[in-house]
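K.L.:
According to TrEMBL, the record shows the following:
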- 182-290: domain 'UBP-type' (DOMAIN)
- Cys206, Cys209, Cys226, His239: Zn(2+) binding site (BINDING)
- 331-850: domain 'USP' (DOMAIN)
- Cys340: active site, nucleophile (ACT_SITE)
- 638-679: domain 'UBA' (DOMAIN)
- 713-753: domain 'UBA' (DOMAIN)
- His812: active site, proton acceptor (ACT_SITE)
Amino acid sequence: MQRAALFRGGDAQMAAGDLGELLVPYMPTIRVPKSGDRVYKTECAFSYDSPDSEGGLYVCMNTFLGFGREHIERHYRKTGQCVYLHLKRHVIEKVPGASGGALPKRRNAKLFLDLEISSDLNSDDFEYEDEAKLVIFPDHYEISLPNIEELPALVTIACDALLSAKSPYRKQEPDSWEEELQASKHAKTLVQLDNGVRIPPSGWKCSKCDLRENLWLNLTDGSVLCGKWFFDGSGGNGHAMEHYKETGYPLAVKLGTITPDGADVYSFDEEEPVLDPHIAKHLAHFGIDMLQMQVTENGLRDNDIKPRVSEWEVIQEAGVKLKPMYGPGYTGMKNLGNSCYLNAVMQAIFSIPEFQRAYVGNLPRIFDYSPLDPTQDFNTQMAKLGHGLLSGQYSKPPMKSELIEQVMKEEHKPQHNGISPRMFKAFISKGHPEFSSNRQQDAQEFFLHLINLVERNPVGSENPSDVFRFLVEERTQCCQSRKVRYTERVDYIMQLPVAMEAATNKDELIAYELKRREAEAARRPLPELVRAKIPFSACLQAFSEPSNVEDFWSSALQAKSAGVKTSRFASFPEYLVVQIKKFTFGLDWIPKKLDVSIDMPDFLDISHLRARGLQPGEEELPDIAPPIVIPDDPRALDIDESSVMQLAEMGFPLEACRKAVYYTGNLGAEVAFNWIIAHMEEPDFAEPLVIPAFGEVASSGAAALGAVGLDNQPPEEMVAIIISMGFQRNLAIQALKATNNNLERALEWIFSHPDPEEESDPALDTMDMENNANANILAETGSEGPRIKDGPGRYELFGFISHMGTSTMSGHYVCHLRKEGRWVIYNDLRVCASERPPKDLGYIYFYHRIPS
């Protein structure tokens with residue numbers, strides 16, 4: 001039978017009496033979903049097709065994986081599974097005289113699939129109807145459902161269980177992002193007091209104490225009160241909970257989380273985060289016009305005062321009519337609840353040709369060789385996401401209203417623009433304590449997490465993350481002996497400090513701060529914001545200046561001494577990622593952000609930062625390692641708190657930073673950073689540091705500090721750190737053995753031995769070579785050093801990610817990319833031509849090397 005029969009529907013219908021006999025050979029392959037089985041009935045494993053799509057979705061009755069029309073036969077050929085449940089949502093024209101033209105509720109028997117309702121159609125004229133049927137391969141027999149009397153009992157039970165199965169993204173952990181929030185039982189009937197309370201756009205403070213962080217707005221009486229630790233990880237005195245116990249007012253929204261897409265709402269009565277379907281109305285009661293964001297894209301505004309040009313307004317280009325963009329490369333991504341950091345990073349990543357070639361260019365091969373469960377394969381999910389963003393299949397112009405009726409009569413279906421990266425996020429965040437939560441995250445930390453996964457899952461001979469990798473030369477000088485040491489390390493991001501002391505508008509900042517304090521004291525609206533203007537040249541100068549080395553041990557003196565360190569580029573990457581270090585810690589240890597404007601250049605030349613190596617007249621520090629001292633009480637071991645804070649400012653959990661510094665023997669933030677990258681997938685990554693008892697030091701503790709094992713085999717911890725820097729495993733082991741398992745000396749050994757003995761890996765010879773087109777690769781796969789792409793240090797800006805909000809714990813991310821000669825703003829699902837790209841307010845910038 002021809003393939004077309006599968007999609008014509010009804011060409012292979014069976015007589016009712018033959019149904020039981022037809023299914024008998026396939027009964028052993030039909031399973032009933034059990035507790036713990038994930039049923040993917042809303043999304044294809046290889047694409048973003050769903051029951052809403054033209055071809056519907058086919059769900060395997062054995063594996064419960066879903067497949068779109070383009071991919072169903074691939075699964076059949078690969079597995080031999082024959083029976084699939086085909087799910088389809090139809091959009092039909094309402095019969096004249098239908099009750100009020102209202103959209104049918106989910107309880108309607110014709111609407112049984114757990115899908116979102118599309119807003120593309122006029123609900124007064126059209127409605128939805130869901131259809132399910134069994135399809136048997138290879139002859140494409142179709143059995144309409146329900147067909148209870150004719151079907152075997154097992155098949156009926158399996159179909160019912162599949163249709164009623166919960167979302168595969170629900171998990172038992174209450175803090176997991178995959179736990180889909182439920183609408184609060186109080187949302188529809190919430191009583192709001194008409195007490196005249198209006199909430200200003202900033203300057204909030206708990207009405208019962210002086211806290212200005214972790215504040216919650218009670219949606220009944222407008223009280224602003226502090227939360228407790230368990231709400232979001234921030235400190236608080238619990239006044240919001242006390243207020244609920246006194247009044248019984250059940251719902252509160254966290255201030256600072258209100259965006260165009262919603263807000264974080266907590267129900268004290270239900271004791272869990274909830275959805276408030278009427279959040280816009282409830283916020284408007286207190287003067288927060290959330291819906292106005294659809295016009296001005298400003299979600300935090302007091303109706304009674306003149307709007308300020310806030311960070312939210314400028315970055316989202318408020319007040320400017322933006323033209324929507326459609327087609328390949330202009331596909332939006334749905335915000336799954338504080339997942340805008342992921343959306344922004346992935347839009348930037350898949351604008352880079354090397355990533356497009358690696359995943360979308362190799363898509364057929366990746367799909368054909370994917371495991372039986374493609375939802376658990378990194379390269380498959382990357383290829384799927386890349387195709388979703390770049391194909392244009394999910395970014396088509398909306399239909400004109402005057403043509404809807406005609407189009408519907410011709411059985412064309414409405415367009416569903418944008419993709420929901422739910423399956424991608426579920427996989428990429430699996431096991432990570434932060435990214436698997438529904439809390440806001442640091443985009444820079446997620447970028448490094450992604451690069452780590454890319455490097456651990458190669459696709460072809462050339463890893464696309466090679467375009468970001470560069471070598472940093474660090475020159476450390478003993479201030480007393482004046483001797484120097486040169487070392488090199490791998491990095492992926494240039495971190496620029498914010499030179500606040502170089503602000504060009506200091507007088508305006510002082511005047512604004514005085515007015516702001518007066519307004520807060522008098523509870524008046526705040527004055528128009530004055531943002532510090534920092535020259536980019538000052539930030540670049542601060543990056544290049546020497547910095548003090550805490551707790552420096554001089555091998556020339558064989559004692560601790562004062563030391564300074566200077567960093568330079570030993571190689572320049574193909575793509576330079578620049579992070580502005582806006583985030584810091586307040587006195588209360590709560591992350592804060594510096595709201596500054598930096599004149600980032602369109603064209604950047606950092607050639608003067610090229611490393612020069614040992615200079616004439618310089619004398620090297622002796623190659624002597626500091627003595628390893630194991631204290632009588634290892635619990636008294638000092639941890640370099642300055643290194644801990646450097647890592648914490650990058651967005652990593654504080655306890656993970658302490659462990660990284662401890663397990664790398666206080667060798668500095670750079671070495672500890674690589675430990676973090678190598679261990680961030682572990683389930684206890686963010687758990688508190690537990691220092692072993694004295695009796696355990698000889699085994700686990702000594703290995704962590706670099707002591708030599710009885711068999712002289714290097715500790716796996718140290719091997720993993722060196723591998724995470726881009727070196728081969730055999731080279732890491734060889735270097736550690738040659739330096740008595742001293743991590744710092746092992747790194748020096750690697751760079752000072754250009755031709756080490758190593759065994760060739762025959763598996764490398766069989767890898768695909770189609771991507772090996774760039775002749776600038778200095779170190780090919782299998783060579784002794786990290787793979788880098790060196791070249792001139794001149795760059796052009798092509799994208800930047802901006803953050804709105806006061807810290808990495810809250811706020812919103814958007815991405816601006818330069819495509820086809822113009823700037824485009826990617827704000828979750830909204831993709832528009834940018835009119836005023838706020839290049840001075842970015843957080844992470846992406847530059848591409850200018851060919852010489």
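Going from the start of the chain as shown, residues are counted 1 onward.
Glycine too: its Cβ is placed from the backbone N, Cα and C atoms.
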K.L.:
For the recorded positions Cys206, Cys209, Cys226, Cys340, work out the Cβ neighbour count at 10 Å and name the residue with the minimum.
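P.N.:
Least crowded of the recorded positions Cys206, Cys209, Cys226, Cys340, by Cβ count within 10 Å, is Cys209.
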K.L.:
Cα of His239 (Zn(2+) binding site) to Cα of the residue listed as 'active site, proton acceptor': how many Å, rounded?
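P.N.:
Just about 26 Å between their Cα atoms.
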K.L.:
What is the number of other Cβ atoms found within 10 Å of the Cβ of His812 (active site, proton acceptor)?
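P.N.:
There are 26 of them.
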K.L.:
Beyond the listed site residues Cys206, Cys209, Cys226, His239, identify every same-chain residue whose Cβ lies within 8 Å of the center of their Cβ atoms for the Zn(2+) site.
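P.N.:
Those within range, site residues removed, are Ser207, Lys208, Asp210, Leu211, Leu215, Leu225, Gly236, Asn237, Gly238, Ala240.
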K.L.:
Can you grab the distance from Cys206 (Zn(2+) binding site) over to Cys340 (active site, nucleophile)? Cα atoms, rounded to a whole Å.
P.N.:
28
K.L.:
Can you break down the domain 'UBA' (638-679) into helix, strand and coil residue counts using DSSP?
P.N.:
30 helix, 0 strand, 12 coil
K.L.:
Residue counts in helix (H, G, I), strand (E, B) and coil for the domain 'UBP-type' (182-290), per DSSP?
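P.N.:
Each residue of the domain 'UBP-type' (182-290) counted once, the result is 20 helix, 22 strand, 67 coil.
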K.L.:
Measuring Cα to Cα, how many angstrom lie between Cys226 (Zn(2+) binding site) and Cys340 (active site, nucleophile)?
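P.N.:
About 25 Å separates the two Cα atoms.
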K.L.:
Cα of the residue listed as 'active site, proton acceptor' to Cα of Cys340 (active site, nucleophile): how many Å, rounded?
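P.N.:
Pair distance, Cα basis, whole Å: 6 Å.
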K.L.:
May I ask for the distance between Cys340 (active site, nucleophile) and Cys209 (Zn(2+) binding site), taken between their Cα atoms and rounded to an integer number of Å?
P.N.:
32
